[in-house]
Amino acid sequence: MRRSEVLAEESVVCLQKALNHLREIWELIGIPEDQRLQRTEVVKKHIKEKEESTILQLEKDLRTRVELMLKKRKERMNELKLLQEQDQDLCEILCMTPYSIDNTSVPSLEELNQFRQHLETLAETKASRREEFISTKRQIILCMEELDHSPDTSFERDVVCEDEDAFCLSVENIAALQTLLRQLELQKAQNEAVCEGLRSRIRELWDRLQIPLEEREALAMYMTGSKAKIRKALQSEADRLEELKNQNMKKVIEAIRVELSTYWEKCFFSQEQKQAFAPYFDEEFTETLLQRHDVELVQVKEYYETHKELFEGVQKWEDSWKLFLEFERKASDPSRFTNRGGNLLKEEKQRAKLQKTLPKLEEELKTRIEQWEQEHSKAFVVNGQKFMEYVTEQWETHRLEKEKAKQERQLKKTQQTETEMLYGSTPRTPSKRRVLGPNTPGKVRKLNSTTVSTVTPNSTIRSVFAGTVYHSPMSRPPPAGGKPSKTPSRLGQKAAPLGRQGHNKENIELSGSILTARTFKGFQI
């Protein structure tokens with residue numbers, strides 16, 4: 001065989017070895033199959049170049065490529081190690097399983113990219129859980145301080161006492177942290193409810209027992225908050241007041257009855273509803289009687305609070321109705337026309353306003369009450385009857401009272417008219433009585449030789465002669481023929497009684513006779 005042929009065969013063998021070595025490197029660093037084919041094509045192109053290169057140059061190029069690939073392999077393996085270390089730290093804090101990747105092979109660029117994204121997700125999870133941990137820990141510490149509670153479990157000590165960076169931020173620990181916070185908040189809420197109940201009971205007993213203000217102020221510092229020492233102080237005061245209550249049973253029950261009566265009025269209880277609570281009238285003051293009063297008071301309070309808006313509406317109507325009746329009463333009072341200070345005009349405006357607002361308020365209450373009755377399937381009662389029936393009854397009573405007053409005025413006017421027709425009208429302002437002397441000029445006139453004193457115009461004269469009544473203010477003309485009327489020869493034996501007699505007697509000379517003049521209610525005869 002020729003030497004040239006031998007060299008050619010050796011070159012082919014070297015090339016084959018080089019290609020095999022490249023394939024091993026590609027497989028070691030994890031180059032995919034498609035990229036291997038591309039790289040093989042590149043090698044093939046280099047071999048087929050027009051510019052002929054020596055074997056030594058080819059070897060040099062291949063060695064350069066090998067060094068480049070080995071460098072990339074080292075870089076990728078170093079990056080993989082760094083990523084695995086970060087993953088280990090995050091997984092220890094988060095109590096998670098490390099990321100799964102093959103350590104024996106060189107990772108591809110895609111695999112490294114996925115690993116980095118995974119670590120970013122873990123870092124975000126750590127930050128979120130840490131923030132939640134710090135916030136929850138702060139709330140737990142506040143609750144423990146409020147409850148005067150010391151950490152008594154290993155988990156509580158880990159949360160409160162240990163370093164925050166050392167706490168495992170696992171899903172289970174975060175859940176246990178929230179559970180602990182809920183338990184402490186529940187205890188705090190229960191403690192606050194107990195303290196508030198004690199305060200309410202203390203205030204109630206203060207009022208019932210009429211505790212002096214000085215004693216109440218001594219407990220002022222404990223009337224807010226719910227710490228253990230506050231709860232202890234409140235419990236002590238409540239026990240002391242309970243003891244005083246037992247010693248002053250009658251006083252306490254009577255105080256409850258006053259409060260109960262107030263709520264009865266607020267709820268518009270009828271007399272029958274009040275009497276239905278028989279213990280209210282029991283005079284044997286015992287603990288059992290006190291308990292029954294307490295139960296009744298709680299029920300009535302709850303009933304009032306449940307329907308407070310309705311009762312306030314009814315009370316508003318009740319107040320407006322009373323004011324309307326007051327204006328109606330004043331409207332029938334004659335003295336109101338004095339109108340001092342413009343009160344009459346103000347009252348008329350208010351009265352007119354109430355006449356408009358009352359029906360609107362009644363209609364609004366009617367709608368709300370009908371809705372309430374549909375929801376509760378029972379009647380809404382005011383003073384023992386349905387509200388609208390109660391309103392109708394009030395209006396009807398008012399109408400009847402006005403009608404009665406009108407009839408009384410008409411009757412009084414009729415009686416007055418009959419009295420005036422029988423006895424003559426009575427002047428509204430009595431005139432001063434004057435003593436008429438026999439020599440008063442221009443004040444006497446002759447009537448059939450009888451001298452009688454005249455009276456002022458527009459007065460009514462009742463003669464003592466046969467009870468004749470004269471209503472004309474002027475002297476009557478003489479009868480036809482110009483002859484004066486004759487005076488009866490005899491005086492009436494008995495004059496009609498018009499009042500007290502025997503006062504202010506005056507002697508008047510009449511044809512040589514002495515007649516007695518009497519003054520009746522300002523009229524002289």
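Positions of Cβ are set from backbone N, Cα and C atoms, glycine also.
Residue ranges 59-86, 115-142, 227-254, 283-310 are listed, and TrEMBL annotates 227-254 among them as coiled coil.
In TrEMBL, the coiled coil annotation falls on 344-371 of the listed ranges 316-343, 344-371, 372-399. Which of 6-33, 174-201 counts as coiled coil depends on TrEMBL, and there it is 174-201. Helix, strand and coil counts from DSSP across the compositional bias 'Basic and acidic residues' (401-411) read 11 helix, 0 strand, 0 coil.
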